[in-house]
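Asker: This is the structure I want to talk about, given as structure tokens.
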Amino acid sequence: MELNSVILTAGGSIGFFKLVNCGVSKLPIPESACRNAWKWRNVCTSFTHSLITGIWAVLCFFVHPQMAEDLIGTHSVFSHALVSVSIGYFIYDFLDMVLNQKMILSWELLFHHTVVISCFGIAVLTGRYVGFAVVALLVEINSVFLHLRQILRMASLAAGDLYRINSMVNLGTYVVFRINTLAWMTRWLVLNRENVPLFSYTAGSVGLAIMTAMNIVLFYRLLRSDFLKSSAPMPTEVKESRGQGEGKKEM
């Protein structure tokens, strides 16, 4: 994909998720979520992104399995488009938070999005490490359940069976698709040090270190909230630390 195509794809993604957000605003909102309607729309939009990109990331390796053997130089237009679309989403979400939420409440996610946009930007602009970025986006499989958890809490459904089942699936996929993915990416980067230029290696290492720290903190919060305490709704909602990435999704 040429630069113009990347800009067009990312721009189209920004517009698409803005439309999703507007569409959610036209739907009925649970009474318990009305006090923070912006957050309800934001989380539902994030859920949509995770559902699309999580499935898309898996399909990338299914359609083009050669990419798994060479995460640096091998990729398809399909996978390149995925990373470009995700850049568009993270730019949209960054702007949405800046315009609608106090900085003190969103600085962690704003920082996360900045790191993800930077690392994914390197991949799509250079045409290298796209496969690595797609691996990072596998964390979005967990983000589906992470966002669903928050939606259920905002809808005052945290005491039902659906919430408990989702909590268990969320924690399991968190370990498999978020923590293990980040650990595998870190190992891959170290083993391929000689094949990665210093700038890209530094950016990837710093990004992974930040994402790992953020995800460990989030894992502790989830474990404490859903399994070490009562299942009653907490006043502070936990939002997905993406990037990976989620990033990254996350890088």
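Every residue gets a Cβ built from N, Cα and C, even glycine.
Feature list, courtesy of TrEMBL:
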DOMAIN    35-228  domain 'TLC'
TRANSMEM  44-65  transmembrane segment
TRANSMEM  71-92  transmembrane segment
TRANSMEM  104-123  transmembrane segment
TRANSMEM  129-148  transmembrane segment
TRANSMEM  168-186  transmembrane segment
TRANSMEM  198-220  transmembrane segment
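Where in this structure would I find these features, and how exposed are they?
Answerer: Here the transmembrane segment (168-186) has Cβ contacts under 8 Å with residues 132, 135-136, 138-139, 141-142, 145-146, 148-149, 208, 211-212, 215-216, 219, 222-223, 226-227, 246, 250-251 of the same chain, all six or more residues outside its ends.
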Asker: Restricting to CB pairs under 8 Å, which listed stretch, 44-65, 71-92, 198-220, is in contact most with the transmembrane segment (129-148)?
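Answerer: The stretch with the most contacts is 44-65.
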Asker: Other than its close neighbours in sequence, what residues sit by the transmembrane segment (71-92), given a CB gap under 8 Å and a spacing of at least six beyond its ends?
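Answerer: That would be 1, 5-6, 9-14, 16-18, 49, 52-53, 56-57, 59-60, 63-64, 113, 116-117, 120-121, 123-124, 127-135, 137, 188, 192, 195-196, 242-243, 247-249.
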